[in-house]
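Enquirer: Before I ask anything, let me first share the structure, which is written out below as C-alpha cells.
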Amino acid sequence: MADLRIYNVVILGLGFLFIFTAFTTCGNIEQTIVKSLDNDTFTGSGYHSLGIIYGMFSFSNLLAPTVVAIIGPQFTMFFSGILYSGYVAVFITPSTWSFYFTSVLIGIGAAMLWTAQGHFLVENSDASTINRNTGMFWALLQCSMLFGNLYIYFDWNGSTEISDRSRKTIFIGLLVTSVLGTLSFLALRKTLPPEEEMLNDEEGQPLLSTHMMYKQRANFAVQDAKSEFKTILQLLKTKTILLLSCCMAYSGLELSFYSGVYGTCIGATTEFGAAAKGLIGISGIVVGIGEIVGGGIFGLVCKNNRFRRTSVVFLGMVVHFIAFYLIYLNIPDDAPVVLKTSTLNKPYLTPSISIALLCSFLLGLGDSCFNTQLYSILGRVYAEQSTPAFAIFKFIQSIFAAVAFFYSGYLLLTWQLLLMAILGFIGTLCFFMVERIQNFSVDLQQEY
C-alpha cells in the first residue's frame with residue numbers, strides 16, 4: 001500500500017510537470033507571440049486571455065469541490081488536462097474567438113484540477129507522509145518552469161521576429177507535452193476500495209446501482225458545498241482574513257507581473273537586440289530558480305515559527321522593492337504596452353541583461369517569501385477550517401491577478417510598479433498586525 005501511494009504521488013507530480021511545462025511556458029511568451037502574429041483578423045490580447053483565466057479560476061473554485069466529489073479526482077484531473085491541452089493547441093492556428101473561448105474553459109479547468117490535486121494528494125497520504133509527499137509533488141511541479149523556457153531560449157536566441165513556423169513548432173511540442181501529462185492521470189491507481197462498491201455477501205452484487213451511487217455523491221457534494229460556502233462567508237467577516245486580504249491581493253498583482261508581464265517587457269526591450277526574445281525563456285527559468293530556492297529555505301526551514309514568519313515576509317517586501325527599483329531603472333517605461341515588438345522609450349540606465357535576470361530571480365524569491373508564509377499563517381490560524389481559508393486566499397489572489405492582467409496592456413511600467421509597491425507595503429503591515437494579534441491571543445491563553 002505504501003509503495004502504491006508513493007507511485008501515485010510521483011505520477012501525479014509528473015502529470016503536473018508536463019501540463020505546467022506547457023502552460024507556464026505558454027503564459028510567459030503568449031503576449032510576445034500575439035504581438036508577432038502576421039494576421040490582421042486576430043485581435044486578441046495575451047494579457048486579456050490570462051485575465052480571463054484567473055477571473056474564471058477564482059469563481060470556479062466555489063463549484064470545483066462539488067464536481068470532484070461527484071466524478072472523483074482522477075477523472076476530474078484528466079478532463080481538466082484536456083482543457084489545458086485545448087488552450088495550448090489554439091496557438092498553432094490562432095483565432096480570436098477560440099483564443100478567448102478556451103481561456104474561459106481553462107479557467108474552469110484550473111479550479112477543478114487544483115481542487116482534485118489536493119484531494120488526491122491527501123487521499124494518498126497520512127500524518128507521517130503528508131510533508132514528504134507534498135515536497136515531492138512541489139519539487140516536480142517547480143521544474144515545469146525550467147524545461148519549456150529553456151527551449152524558448154535556444155529557439156528564439158538571436159531572433160528579432162517570431163516566424164509562423166517557429167510558433168507552430170513550439171506549440172505542437174507544448175501540446176504533445178500537455179497531452180502526455182493528461183494521459184499520465186489515467187495511470188493513477190486507487191489505494192482504497194470505494195465504500196459504495198461494498199458487495200452483498202449473498203448475491204455478490206453492488207448494493208447500490210451506478211445511478212444511485214452518483215445521485216448519492218451529488219447530494220452529499222451539494223450539502224458540503226453549501227456548508228463550505230457558509231463558512232467562507234463567515235470567515236470573510238473576521239478581522240484576520242480582512243487584514244490578510246491585503247497581502248493576498250498583493251500576491252495576485254505580483255503573480256501576474258512575474259508570470260506574464262515581466263517576460264514580455266524583457267522581450268520588447270530594444271537595447272537587448274537579437275538576444276531579447278531568447279531572454280524571455282532565461283527569465284522564466286531564473287524566476288523558477290528563485291521560487292525553488294525560496295520555497296526550500298522559507299517553506300521548510302522556517303515552518304511554524306512566528307518570529308521567522310514575519311521576518312520572511314519583511315525580507316520578501318525588501319527583495320521585491322529592490323527588484324521594482326532596478327526594473328524601473330533598467331527597463332523602458334513603454335515595454336508592457338508597446339504595440340510593436342520593441343520599445344521606443346529609453347530607461348534611466350542602459351539596459352543590462354545581468355540586472356534584468358537578477359530582477360527575475362528576486363521576483364521569484366520574493367514571491368516564495370509571501371506565499372509560503374501566507375500558507376503557514378492560514379494553516380496555523382485556521383487549522384480546523386483550512387479548506388475555506390485557502391479557498392478565500394486563492395479567490396482573492398486570482399481576482400487581483402485577473403485585474404492586473406487587464407490593466408497591464410494599458411498602464412506604463414512605472415505605474416504598475418508603483419501600484420505593487422504601495423499594496424506590497426500595506427500588505428506587509430497587515431501581515432505584521434495579524435501576527436501581533438495571534439501572539440497576543442497565545443499569551444492570553446498561556447496566562448489562563
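Just so it is clear, glycine is given a Cβ too, placed from its N, Cα and C backbone atoms.
Owing to the predicted nature of the structure, the values given are computational and were not obtained by experimental measurement.
I grabbed these lines from TrEMBL:
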- 6-26: transmembrane segment (TRANSMEM)
- 97-116: transmembrane segment (TRANSMEM)
- 137-154: transmembrane segment (TRANSMEM)
- 169-188: transmembrane segment (TRANSMEM)
- 240-258: transmembrane segment (TRANSMEM)
- 278-300: transmembrane segment (TRANSMEM)
- 312-328: transmembrane segment (TRANSMEM)
- 348-366: transmembrane segment (TRANSMEM)
- 387-407: transmembrane segment (TRANSMEM)
- 413-434: transmembrane segment (TRANSMEM)
Enquirer: Is the number of Cβ-Cβ pairs under 8 Å between the transmembrane segment (6-26) and the transmembrane segment (137-154) three or more, considering only pairs separated by 6 or more positions?
Expert: yes
Enquirer: Going through 97-116, 169-188, 240-258 one by one, which has the most CB pairs that fall under 8 Å from the transmembrane segment (413-434)?
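Expert: Maximum Cβ contact count belongs to 240-258.
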Enquirer: What residues elsewhere in the chain lie close to the transmembrane segment (97-116), defined as a C-beta under 8 angstroms and at least 6 residues from its ends?
Expert: 19, 23, 42, 44, 48-50, 52-57, 60-61, 63-65, 67-68, 73-74, 76-77, 79-84, 86-87, 90, 394
Enquirer: Counting Cβ pairs under 8 Å that sit 6 or more residues apart, are there three or more between the transmembrane segment (240-258) and the transmembrane segment (137-154)?
Expert: no
Enquirer: What parts of the chain pack near the transmembrane segment (169-188), using Cβ distances under 8 Å and only residues at least 6 beyond its ends?
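Expert: Non-local partners: 8, 11-12, 14-23, 25-26, 29, 74, 77-78, 81-82, 84-85, 88-89, 91-92, 120, 148, 151-152, 155.
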Enquirer: Sort out the residues at least 6 away from either end of the transmembrane segment (137-154), same chain, that have Cβ-Cβ distances under 8 Å to it, and list them.
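Expert: Result: 9-10, 12-14, 16-25, 28-29, 117, 121, 170, 173-174, 177, 278-285, 287-288, 291-292, 295.
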Enquirer: Within the same chain, where does the transmembrane segment (387-407) have neighbours whose Cβ lies under 8 angstroms from its own Cβ atoms, ignoring anything closer than 6 residues to its ends? I mean 6 or more beyond.
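Expert: Residues 47-48, 50-55, 57-59, 61-62, 65, 114, 228, 231-232, 235-236, 241, 244-245, 248-253, 255-257, 260-261, 374-375, 378, 381, 416.
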